[in-house]
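Asker: Pasting the feature list from TrEMBL:
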- 10-140: domain 'Photolyase/cryptochrome alpha/beta' (DOMAIN)
- Tyr250, Gln305, Leu306, Ile307, Trp308, Arg309, Glu310, Phe311, Phe312, Asp404, Ala405, Asp406: FAD binding site (BINDING)
- Trp336: site 'Electron transfer via tryptophanyl radical' (SITE)
- Trp391: site 'Electron transfer via tryptophanyl radical' (SITE)
- Trp414: site 'Electron transfer via tryptophanyl radical' (SITE)
Amino acid sequence: MALIEEISPKGSVLWFRRGLRLHDNPALLKALSVKQEFYPIFIFDGLSAGVTKDTSYNRVRFLLECLQDLDEQLQQRMGKLYFIRGDPKNVFEAIHKIKPLESVSFELDPEPIWASRDNKVKTCLENCGIKWTEEISHTLWDPHEIIETNGGIPPLTYEMFLHTVSIIGAPPRPVDDPDWTGVQFGKLPQHLGDDIEVFQSIPSPEKLGYFPPKVFSEKIIEWTGGEQKALLKMNERLKVEENAFLNGFYLPNQAKPDILGPPTSQSAALCFGCLSVRKFYWAIHDMYSRIYSGHSQSNQHITGQLIWREFFYTMCVQNQYYGEMERNPICLNISWKEDVQDEIQKWENGQTGYPFIDAVMRQMHQEGWVHHVARNAVACFLTRGDLWMNWEIGLRLFLRLLLDADWCLCAGNWMWVSSSAFEQLLDCSSCVCPVSYGRRLDPQGEYIRRYIPELRNFPQEYLYEPWKAPLDVQERAGCFIGREYPDRMVDHADASQKNRRMMRDLRLSLVDDTPHCCPSNVEEVRQFMWLPESCTDHLCETEKV
Ligand SMILES: Cc1cc2nc3c(=O)[nH]c(=O)nc-3n(C[C@H](O)[C@H](O)[C@H](O)COP(=O)(O)OP(=O)(O)OC[C@H]3O[C@@H](n4cnc5c(N)ncnc54)[C@H](O)[C@@H]3O)c2cc1C
């Protein structure tokens, strides 16, 4: 008996949180290298992968599709993915009781909001004598190394960031795929403890208590989660990048925003890690080098958005208050308007009376993803553009609805757009006019008509400003403003002028030389917000005076 116990293999767990893939997965390689029985598990604890009890149905569905895809791939290798509901510490203790564990491997979740979960688990594993390893693969570089290289503080501007990573060198290439030969999958019993539930298969969102949203119009774009789908989509996306290179430009999604066509975004796949950011980065850089071989070396600008991602991660790793205003050392304390529930509701539910803004908000509820330029528009509207409301309100909603909701990237972008951080000028209150920005992005009005069925028959002339339509036009379109579709909740020209004054006063009150996070130059602001060359083209007529 003693002999059997001695030779009986122990367990090696791969704890999936994000990083939901088999390719470029150093934690997976670590778990397999232990040569013990292998247990891939996902623990649904109402927190991991950013899925809480408030998370939208779309986002939960996307996560479960990613897990389903992993499960299918593991089944092809004679294993399975265990989906377990419970507290991670209790789950590991329970597994260890029935199957002594040698090691637990996981990918580093770099954001500080995960530290208490991870520290609790690490302490528990150490107390049980179980080794743990944490691998970096959610970001291109190790954010802590960047901070160290920059002398102990995060680089304050994007240009400084680029300089720092140029000292470190190019990010690592993806690791090899695992060799599955001889891998022994372990089996868990159905009962691990009273407060733990081991599912037989990956559950549906409904089984976990999440239900579909009320839809405003038919859903146009369906997103599907999972590594296999993400890899196929990456190939489609690479064709778009290649086409841009061949035509002499880069960052196609930013340079020529298309809010109507089938999106080629990889943000949700990157967020859950069903696509490795390193694989995506190197695929683009290698392609560039192939196309321009001998002429030019690729540089970080051709994957500029991925660098913004890294920049925001580096800014947040040491700042647990990064998602808040008051306690956050990099965020300006702006005296936003007290929360007015009625106004918040109108913004959240796409009932502001500004069709472009409402179309974006409704698309977000229905489909869970909207283009970057559209995010800019609604974020500016809520904060320094029109409503003068705290960006934390927007952050909370985006984290609930977006498929790619990512605490660090979302908070970083909200601070940026609201001029609360990463913003040197503080005079952008007129950046996004909900009328002219909408007209520029959606010149035929197709986007508005797609997501706001009430306005489908409205003539083009009044589509962006329906409150200006004479009554007979409203009648012919079958939509009265204030009845079928709301009147505008605010006069943008007045509100933005008032807000601009408040930003100016704030700027004057901040005339010290304290180094703070800010854009590197004006061009960067223009690119980030997709503003036209001439800085007044996007303004309403009243704002130009
Ligand atoms: C208010 C606001 C909130 C946002 N919240 C999120 C969020 O929660 N999660 C998220 O992934 N992105 C967020 N973004 C950034 C951006 O809108 C999305 O990443 C982008 O729309 C994804 O589309 P894409 O994959 O086509 O981007 P691409 O232009 O193809 O970029 C490639 C990847 O780079 C990253 N990236 C792109 N733009 C940014 C950016 N501005 N900041 C940081 N990373 C970027 C994303 O991972 C993206 O998939 C937010 C932007 C705004 C204005």
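Every residue, even glycine, has its Cβ placed from backbone N, Cα and C.
In TrEMBL, annotation is done automatically, which means it is predicted and not curated.
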Asker: Just to confirm my parser: what is the rounded mean pLDDT across the domain 'Photolyase/cryptochrome alpha/beta' (10-140)?
Answerer: 97
Asker: Of Trp336, Trp391, Trp414, which is closest to Glu310 (FAD binding site) if I measure between C-alpha atoms? They're all recorded sites.
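Answerer: Closest candidate to Glu310 (FAD binding site), judged by Cα separation, is Trp414.
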Asker: Scan Tyr250, Glu310, Phe312, Trp336, Trp391 for recorded positions whose C-beta lands under 6 Å from an atom of ligand 1 and note them, or write none.
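Answerer: List returned for ligand 1: Phe312.
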Asker: Roughly how many angstrom lie between the C-alpha atoms of Trp308 (FAD binding site) and Trp414 (site 'Electron transfer via tryptophanyl radical')?
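Answerer: Each residue's Cα considered, Trp308 (FAD binding site) and Trp414 (site 'Electron transfer via tryptophanyl radical') end up 13 Å apart.
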Asker: Cα distance, Trp336 (site 'Electron transfer via tryptophanyl radical') to Phe312 (FAD binding site), nearest Å?
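Answerer: Cα-Cα distance, Phe312 (FAD binding site) to Trp336 (site 'Electron transfer via tryptophanyl radical'): 24 Å.
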Asker: Going by C-alpha distance, which of the recorded sites Trp336, Trp391, Trp414 is nearest to Tyr250 (FAD binding site)?
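Answerer: Result: the closest of the recorded sites to Tyr250 (FAD binding site) is Trp414.
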Asker: Cβ distance under 8 Å to Trp391 (site 'Electron transfer via tryptophanyl radical'), same chain, sequence separation 6 or more: which residues?
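Answerer: Met325, Trp336, Ala379, Leu382, Thr383, Trp414, Met415, Val417, Ser418, Ser420 - these are the non-local Cβ neighbours of Trp391 (site 'Electron transfer via tryptophanyl radical'), listed in sequence order.
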Asker: Give me the DSSP three-state residue breakdown of the domain 'Photolyase/cryptochrome alpha/beta' (10-140), ordered helix, strand, coil.
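Answerer: Its residues divide into 57 helix, 30 strand, 44 coil.
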Asker: Could you list the residues of the same chain, at least six apart in sequence, whose Cβ is under 8 A from the Cβ of Ala405 (FAD binding site)?
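Answerer: Same-chain residues close to Ala405 (FAD binding site) (Cβ under 8 Å, separated by 6 or more) are Gly50, Thr55, Arg59, Cys271, Phe398, Leu399.
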